[in-house]
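Student: Feature annotation from TrEMBL assigns active site, proton acceptor to Glu322, His323. Positions annotated as NAD(+) binding site by TrEMBL: Tyr124, Gln186, Asn209. The substrate binding site annotation in TrEMBL covers Ser233, Gln255, His258, His323, Asp356, Glu410, His415. The Zn(2+) binding site annotation in TrEMBL covers Gln255, His258, Asp356, His415.
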Amino acid sequence: MKKVYNPEKDELNSILLRPSKNMEDVERTVNQIFGEVSYRGDEAVKKYTSLFDGAVPDKIHVTEEEIREAENSVSEELKKAIFLAKSNIQKFHTAQKTQSVSVETVAGVECWQEKRPIQKVGLYIPGGSAPLFSTILMLAVPAQIAGCRELVLCTPPNKEGRINPVIIYTAKLCGVDKILKVGGIQAIAGMTFGTESIPKVYKIFGPGNQFVTVAKQMATKYNVSIDMPAGPSELLVVADDSANAAFVASDLLSQAEHGGDSQVILISLSEALMEEVETELQKQLEDLPRKDIAKAAIENSRLIYIGSKERALEIINDYAPEHFIVCTEDTDFFVSGIENAGSVFIGNNTPESAGDYASGTNHTLPTNGYAKQYSGVNLDSFLKTISFQKISEEGIRNIGPAIELMAEAEGLRAHKKAVSLRLESFKKTE
């Protein structure tokens, strides 16, 4: 990893530049596939599944037989681990339920809010080099708690046209209605427009590479909502001499192994610690089965020494990391000062892996600096808030004259008349 010492402010943009493909090429590809899927449906989906995944499944839908096979092939130990994670995720997201808001703004005017589930949601589960079944827990569990009626899951098949059994098992465990062997841009397009096999949904959730992220953003042009732009994984660790160098290195590598386009950053308040972490990275990297992927990510990554915690915090908030680990003696300074981050992990005993799997928090988080304006997935992501109002005769008498004046000032006579007719009707009955 490249090491940097107390960089000047104007150097930081280039130092912290996230890896990316040529966006014009990505958008051109996404536009082409969206156009074909909207026009040709399943035929286009199968074409691009063959092109990108090297196989076309006999059936796009996962069959009942495949579901039974998957349940029998997942070990009991892994099932227990999945149950533990599911339980913790359920607890944390159930706790996010809020009471309805109700207030009488003026005598006779009642206003309140109620939440309703989004009826049809699409869950995108990356396949690629790792079967991310944990993402199913992160999306399907809160969707069920929210009360979503239909859960549609898309995930890419392998070269044999099959899906990893643990993905199928977890999807069924979490109440997914339809499991489809479709990945990439064509999956997002299918859920956007609907095809013969893929239902159209109202909102699409889930992380992916830059092609999937741009495809999700494209979906919003066709009246489909998305959770957030969630692209390649990233992690920033801030640490000082109180940190354990081996722990820090392992956390950095845990995100680097996601993909060659991932990025990990260490901001160290100690030069000595930074050297120790570098040594640990080299040592631990050689033991990883996915070391080639991690090495590619390391090329995009940085070890940065910063001399003051105040400047470190400023840099972190500007970078807006997806995952933020605090391993410093004064954790309160960073915890209270962080404004832009997807999820925060505090202390030497809190690895980022805990949030990825089983602490209960959600691991579907904004990347690429979007933590400045987006939240990670939570229960409210699967809900809509509807406002209600009920006005009595007393209430319309109280606010009617103000409405008339405001509508007149805006030149909206029909708005004014809707109130005036009511007020006049009251006078006739007096």
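The backbone N, Cα and C atoms fix where each Cβ goes, glycine too.
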Student: Taking Cα-Cα distance, which of the recorded positions Ser233, Gln255, Glu322, Asp356, Glu410, His415 are within 10 Å of Asn209 (NAD(+) binding site)?
Tutor: Ser233
Student: For the binding-site residues listed here (Asn209, Gln255), tell me which residue's CB has the most neighbouring CB atoms inside 10 Å.
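Tutor: Going through Asn209, Gln255 one by one, the largest Cβ count within 10 Å is at Gln255.
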Student: For Asp356 (substrate binding site) and His323 (active site, proton acceptor), determine the Cα separation and express it in whole Å.
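Tutor: With distance taken Cα to Cα, His323 (active site, proton acceptor) is 10 Å from Asp356 (substrate binding site).
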Student: Find the shortest Cα-Cα separation between Glu322 (active site, proton acceptor) and the binding-site residues Tyr124, Ser233, Gln255, His415, and name the residue that gives it.
Tutor: Ser233
Student: Within 10 Å of the Cβ of His258 (substrate binding site), how many other Cβ atoms can you find? Include all protein chains, please.
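Tutor: His258 (substrate binding site): 25 neighbouring Cβ atoms within 10 Å.
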Student: Given a 10 Å Cβ-Cβ cut-off, pick out the one of the recorded positions Glu322, Asp356, Glu410 that has the most other Cβ atoms nearby.
Tutor: Glu322
Student: Going along the chain, which residues six or more apart from His323 (active site, proton acceptor) have their CB under 8 A from its CB?
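Tutor: Within the chain, His323 (active site, proton acceptor) has Cβ neighbours under 8 Å at Ser233, Glu234, Leu235, Leu236, Gln255, Ala341, Gly342, Ser343, Phe345, Glu352, Gly355, Leu365.
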Student: Do me a favour and check the Cα-Cα span between Tyr124 (NAD(+) binding site) and Glu410 (substrate binding site); whole Å is fine.
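Tutor: Between the Cα atoms of Tyr124 (NAD(+) binding site) and Glu410 (substrate binding site), the distance comes to 45 Å.
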Student: Around the C-beta of His415 (substrate binding site), how many further C-beta atoms are within 10 angstroms, looking at every protein chain?
Tutor: 15
Student: Count the Cβ atoms, other than its own, that fall within 10 Å of the Cβ of Gln186 (NAD(+) binding site), considering every protein chain shown.
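Tutor: There are 28 such Cβ atoms around Gln186 (NAD(+) binding site).
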Student: Taking the Cβ of Tyr124 (NAD(+) binding site) as the centre, how many other Cβ atoms fall within a 10 Å radius?
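Tutor: Its Cβ has 29 other Cβ atoms within 10 Å.
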Student: What is the biggest Cα to Cα gap, in Å, among Ser233, Gln255, His258, His323, Asp356, Glu410, His415, the residues listed as binding substrate?
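Tutor: Across Ser233, Gln255, His258, His323, Asp356, Glu410, His415, the two farthest Cα atoms sit 56 Å apart.
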